[in-house]
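Colleague: Here it is: the structure, laid out below.
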Amino acid sequence: MAPTTCFNCKEARAVVIRPKNRHKLCRSCFIEIFETEVHETITSSKLFFPGERIAIGASGGKDSTVLAAVLKTLNERYNYGLELILLSIDEGIRGYRDDSLETVKRNAVQYDMPLTIVGYGELYGWTMDQVVEQVGKKGNCTYCGVFRRQALDRGAERLDIKHVVTGHNADDVAETVMMNLLRGDLPRLSRGTSIITESGASDTKRSKPLKYAYEKEIVLYAHHRQLDYFSTECIYSPEAFRGSARTLIKDLEKIRPSSILDIVKSGEDMAALVPGQAPGGKSCKSSAPAAGAAEEETGGCGSQNGRSSGGEMAAMEQQLASNDGAESRETEIKMPKKGKVSVGKKIKTQTLQHCERCGYISSQPICKACNLLDGLNRNRPKTAIEVGMEDEEGSSTLMRQMEHVQLTNS
Ligand SMILES: Nc1ncnc2c1ncn2[C@@H]1O[C@H](COP(=O)(O)OP(=O)(O)OP(=O)(O)O)[C@@H](O)[C@H]1O
């Protein structure tokens, strides 16, 4: 059978089917379309301004690696005029983060971007290896998530940067929406849905340029551009509430493939019910970026993202690698359309203040990180704070299984 030609260029062999429109695309058209969609997200949300210095939260994983690669490409292609800097947090996890940081160091050379690494050890006096030694594996992500949030902010402060971008994708946002829907936590749902999150007291904002990119597409993009990224899961990675939300979404997706972006869209609509939210999830100026909540908005560790739930990431990568030699195979992906935004009634939000100890933004006199450190330092970790389920879910990302379909001649 003759190979199927690309729907877009009508010349090259198609290697990808986008479930969004069933278009069969060649490698270069897929890459260009992916990049163009991220560009549209950036411009429609007015994410950047010329001359802006941007810290890319770089974990070495696929999402932040793709983010760095795409931002570099778009910055050059469209003359954004951005100064791009890689900012990595070293949680102090031997055999995991030290290896992924080696990937980030290579990325820094590959993309010609400066790299700053900030460690938990220097910031808090505790590495995650030490925390786990004290508190055990269960619940360790609570500490890691709260600490990371602050570490990214402090790293940005050191660099005198006011804008941190992270590799959160549509799947991550959909999971956050689902989790907060199940909890009935509209303010947190709103913050997690916004493409930009700002705090009333800090001039550092966060944004998610990949907010509308399916994780499947991110993996495909990394694969077809042969990006250098790290795909091993965290050795402390747990299963938790986010995993359940993910499973639920995956089940929904089987019945209704557009579910991921539909959930994102619904989250944006619900966010409009919260005071101070811009329609369309464009920007969220939160009055209460409690550490755990904020962590959930901006994500976590690039580790507890579902790789622990069955190695989907590894399976997908293996499949992609084998596809390289399989002329008759393609990968199907889908990105549904955006919809309208509704407006509704106001709800109560928390009051913002600064931690009396460290000055970090907190809804309590002492921030969660300081409370956690108190507990650790007193050898009473479990009495630290009332961190809810949400704090254990600070990060996200699970690799969704890709759909590989057999192309037939069209
Ligand atoms: N150690 C870290 N240092 C810097 N940024 C980080 C770190 N961990 C996570 N991030 C940022 O938070 C985003 C979301 O993290 P998450 O835990 O969801 O991992 P992920 O989706 O697997 O991302 P990635 O594939 O980039 O690791 C990452 O894309 C990255 O921008």
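Backbone N, Cα and C atoms are what each Cβ position is placed from, and that goes for glycine too.
The ATP binding site annotation in TrEMBL covers Gly57, Ala58, Ser59, Asp63, Ile89, Gly167, Asp172. Residues or ranges marked as compositional bias 'Low complexity' by TrEMBL: 280-293. Positions annotated as compositional bias 'Basic and acidic residues' by TrEMBL: 326-335. TrEMBL lists 54-233 with the feature domain 'tRNA(Ile)-lysidine/2-thiocytidine synthase N-terminal'. Annotation comment: TrEMBL describes 353-383 as domain 'Cytoplasmic tRNA 2-thiolation protein 1 C-terminal'. Residues or ranges marked as region 'Disordered' in TrEMBL: 276-341.
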Colleague: By DSSP assignment, list the helix, strand and coil residue numbers for the domain 'Cytoplasmic tRNA 2-thiolation protein 1 C-terminal' (353-383), in that order.
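Modeller: Final tally across the stretch: 13 helix, 4 strand, 14 coil.
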Colleague: Would you count the other C-beta atoms found within 10 angstroms of the C-beta of Gly167 (ATP binding site) for me?
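Modeller: Other Cβ atoms within 10 Å of Gly167 (ATP binding site): 27.
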Colleague: Does Ile89 (ATP binding site) have same-chain partners at least 6 apart in sequence with Cβ under 8 Å from its own Cβ, and which are they?
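Modeller: Those within reach of Ile89 (ATP binding site), by Cβ under 8 Å and sequence separation of 6 or more, are Gly57, Ser59, Ile117, Val118, Gly119, Tyr120, Arg148, Ala151, Leu152, Gly155.
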Colleague: What same-chain residues, at least 6 away in sequence, bring their CB to under 8 Å of the CB of Ala58 (ATP binding site)?
Modeller: Ser64, Thr65, Ala68, Leu86, Leu87, Ser88, Val104, Asn107, Leu115
Colleague: For the ATP binding residues given in the record (Gly57, Ala58, Ser59, Asp63, Ile89, Gly167, Asp172), what is the largest pairwise C-alpha separation in angstrom?
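Modeller: 20 Å is the greatest Cα spacing among the residues binding ATP.
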Colleague: What does DSSP call Ser59 (ATP binding site) in the simple three-state scheme?
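Modeller: Going by the DSSP assignment, Ser59 (ATP binding site) belongs to neither helix nor strand, so it counts as coil.
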